[in-house]
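Here is the structure we will look at.
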Amino acid sequence: MFQTKNQKALKKMAPILKQIEKNGEKIQNFTDDELRAQTEAFKKRLANGEKLDTILPEAFATVREASWRVLKMRQFPVQLMGGIALHYGKVAEMRTGEGKTLVCAAPAYLNALTGKGVHVVTVNDYLAKRDAEEIGRIHEFLGLSVGCVLHDMTQAERKAAYACDITYVTNNELGFDYLRDNMVTNKEQAVLRGLTYAIIDEADSVLIDEARTPLIISGQDGQSTKIYEVCDVLANMMERGTYKKLSTVDLLAGEEREESGDFLVDEKEKNVMLTSQGIEKVEKFFHIKDLSSPENIALQHNVILALKANALMKKDKDYVVKDGEIMIVDEFTGRIMQGRRYSDGLHQAIEAKERVDVKQESRTLATVTFQNFFNKFERKAGMTGTAMTEKREFRNIYGMDVINIPTNRPVIRVDHEDAVYKTAREKYRAVVEEVKKVHETGQPVLAGTTSVETSELLSTMLKQAGIDHQVLNAKYHDLEAEIVAKAGQHGQVTIATNMAGRGTDIKLDDQAKAAGGLMVIGTERHESRRIDNQLIGRSGRQGDPGESKFYLSLEDNLLKMFGSENLMNLFEQVGIEDGEEIKHGLLTKAIANAQQKIEGNHFGAREQLLKYDRVNNEQREMIYRERQAILDGAEMEETILSYVDAWLEQVVKQIGPNRKQWTVDILMEKVTPVVPDCLTDLTEEKLQNMTKATLYADLKARVYKKYEMLKETLGGKESMERLMRMILLRTIDSKWTMHLDNMEKLKEGIGLAVYGQTDPVIAYKQEGYQMFFEMMENIKMDTLHTLFHMRIGLPTEKH
């Protein structure tokens with residue numbers, strides 16, 4: 001009558017389990033070929049409009065039979081229940097040793113039938129490779145392709161692995177590939193093919209523990225400072241030139257501007273341009289054929305920066321060199337602007353010029369939190385040994401309910417009460433005594449520690465006591481699996497850090513079972529109950545015997561954080577002897593309260609991070625959509641000319657309503673920095689005879705004409721489209737990088753500032769959106785500026 005939510009969820013699965021069993025009886029008689037043929041039959045049914053939920057019982061029965069034929073393992077009913085939970089987007093909490101690896105075989109197969117790809121996410125390369133090789137055999141037997149993405153793989157290998165029906169990958173590799181895909185300049189370079197369905201193993205580790213640390217791709221790369229130094233060498237070899245300004249009559253007569261030297265400097269506009277001679281010199285220096293080609297835009301940018309640093313930026317006027325650093329001088333106050341740097345590489349170009357250490361900009365190029373990344377999947381599911389303690393967070397942040405799946409056999413492990421001592425020294429002595437006592441019976445022991453330091457201390461004490469043992473840390477996954485696998489043999493003693501060895505079962509030999517199973521000893525309570533439960537869960541798998549006991553002291557970090565001094569004073573008064581175990585109800589309560597408080601603090605920190613990152617995420621989605629549209633071949637000419645139209649509307653609006661105040665100079669100030677040499681034949685008389693509408697039409701015709709000339713010089717629309725695509729992507733990436741920096745500074749500023757009654761997140765959102773829309777406008781203007789300032793070489797044979 002009064003069923004829990006969990007019991008109701010399990011009850012709903014009962015009829016589905018019956019259908020799987022019934023289908024299984026029929027499928028058992030199939031030949032291997034008939035079993036394989038099920039895959040194509042399912043795909044056809046899906047193509048005809050049938051739903052995954054409808055074919056689930058048959059698909060699960062097919063995988064169960066294939067598992068038996070390939071691995072000689074058939075999923076238990078509780079494993080099928082776990083699989084059903086995963087298909088419906090839940091977090092399946094399954095005890096250690098219940099065979100989670102085999103659980104995901106059926107839901108991965110079922111969802112892969114759509115052809116959209118399934119990601120099985122694990123916490124390290126070792127587990128990804130192991131599971132892909134083992135469970136992948138079932139899927140390959142049934143005609144599906146299986147891929148595995150590992151850290152050292154090339155772009156081509158990654159792309160091939162993601163193109164498979166089922167891909168095994170770590171959470172970090174998957175997240176970084178998503179970020180890298182949104183930085184490519186050609187869509188063929190992208191490796192992912194959509195985020196449809198993910199099964200996340202160790203979901204608590206990935207979605208809870210790692211959720212406070214965002215994934216970041218920063219802009220430091222090995223070549224970034226060298227290119228500034230090389231370009232500075234070139235800049236010093238180049239000759240500054242002069243040019244003769246042409247009159248309106250000359251321009252109308254089609255005369256070309258006379259230029260000398262390698263580059264020209266416009267002091268007023270703070271601009272540098274390469275001449276035809278200069279372009280040839282750069283091409284020779286870098287052994288390239290065409291400086292104006294899209295792939296050389298970055299190089300062209302760095303050459304211009306070096307020329308600017310040498311020709312325009314004056315030492316002791318624009319900047320000073322102090323203690324080996326370039327300090328910017330405020331042009332209005334003459335004061336040094338502490339901590340400020342010129343953007344877009346100019347600061348590094350000046351550093352190269354002055355022969356000081358060229359500093360790499362540690363710029364965030366792309367970033368995402370696991371919360372926002374995994375929420376991008378259309379559907380996702382998770383499995384772990386411990387999730388119930390975090391069910392509120394799974395529900396609130398990921399929209400996933402936690403279902404506790406019953407064990408295949410009853411748990412008969414004995415969990416003893418915690419043993420508490422006054423000092424850490426007494427505690428470790430007690431642990432060694434316990435290990436010694438248990439070891440003599442042949443019962444295997446697993447001692448869990450919370451740090452490498454503690455594991456080494458305990459190891460030294462066990463050596464002194466003459467007890468052979470193995471120490472395990474998380475550095476070497478292959479060795480780790482081997483040590484954990486041996487930890488269940490009789491007489492074996494293993495010391496492990498709490499997080500080490502996840503994903504590998506400890507299997508008992510017969511003598512170990514007879515001696516009482518695995519004895520788990522915790523040397524300290526972790527901040528999270530979940531981590532303690534993971535350690536305890538190592539013992540008593542699949543109905544095996546076992547025991548667990550934690551040894552604590554009032555000097556442990558957890559108790560020190562939450563008032564162990566008061567408890568120490570209390571026990572001093574009671575008269576606890578050195579080495580004596582303390583037993584008191586207050587202690588048990590204090591430990592539970594301390595863990596709950598810390599869990600609450602961590603949840604609060606993750607929730608706060610997510611609130612800020614939701615603002616970033618909305619902006620990231622808009623930028624990435626824009627990039628994707630460009631990569632997918634959006635009509636660039638239409639896009640760029642729409643930028644021109646919007647900009648010219650603003651120009652006409654800004655020169656004011658009074659026509660008598662309109663002058664060619666005012667107009668040139670607004671137009672020529674973006675599109676040079678397009679107003680040379682405009683006279684004051686012509687301007688005074690115009691209305692706002694005719695002025696707009698005149699400006700539009702002039703800029704469009706420049707655009708057409710540039711297109712013709714480049715050799716037609718296709719080349720122009722390629723160039724515009726490259727310029728726009730580069731501008732978006734550059735401005736987005738600066739925007740991420742600014743958003744980080746804004747967050748820090750809002751954290752420090754007192755905003756009265758304003759919620760800091762709301763203030764962050766409002767200011768962040770203002771900055772975002774300013775950035776979008778800057779992208780348009782910078783794109784136009786770069787395009788119309790392109791110096792294309794004269795159409796000689798080489799070009």
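Note that Cβ sites are derived from N, Cα and C of the backbone, with glycine treated the same way.
From a predicted model like this one, the values you see are computed outputs, not experimental measurements.
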Binding-site annotation, TrEMBL, ATP: partner of G97, E98, G99, K100, T101, D505 in Q79, Q489, Q534: Q79
Neighbour count (Cβ, 10 Å) for E98 (ATP binding site): 25
For the ATP site built from Q79, G97, E98, G99, K100, T101, D505, further residues of that chain with CB within 8 A of the site's CB center: M94, T96, L102, V103
Q79, T101 as binding-site residues, winner by CB count within 10 A: Q79
Neighbourhood of G97 (ATP binding site) by C-beta distance under 8 A, where only residues 6 or more apart in the same chain count: D505, I506, G537, R541, Q542, D544
G99 (ATP binding site) CB neighbourhood, other CB atoms within 10 A: 18
Residues near K100 (ATP binding site) in space but at least six apart in sequence (CB under 8 A): G82, A92, M94, D201, M383, T384, G385
DSSP-assigned states of the domain 'Helicase ATP-binding' (81-219) in counts, ordered helix, strand, coil: 67 helix, 25 strand, 47 coil
Maximum Cα-Cα separation in Å among residues Q79, G97, E98, G99, K100, T101, D505, which the record lists as binding ATP: 16
Helix, strand or coil at D505 (ATP binding site) [DSSP, three-state]: coil
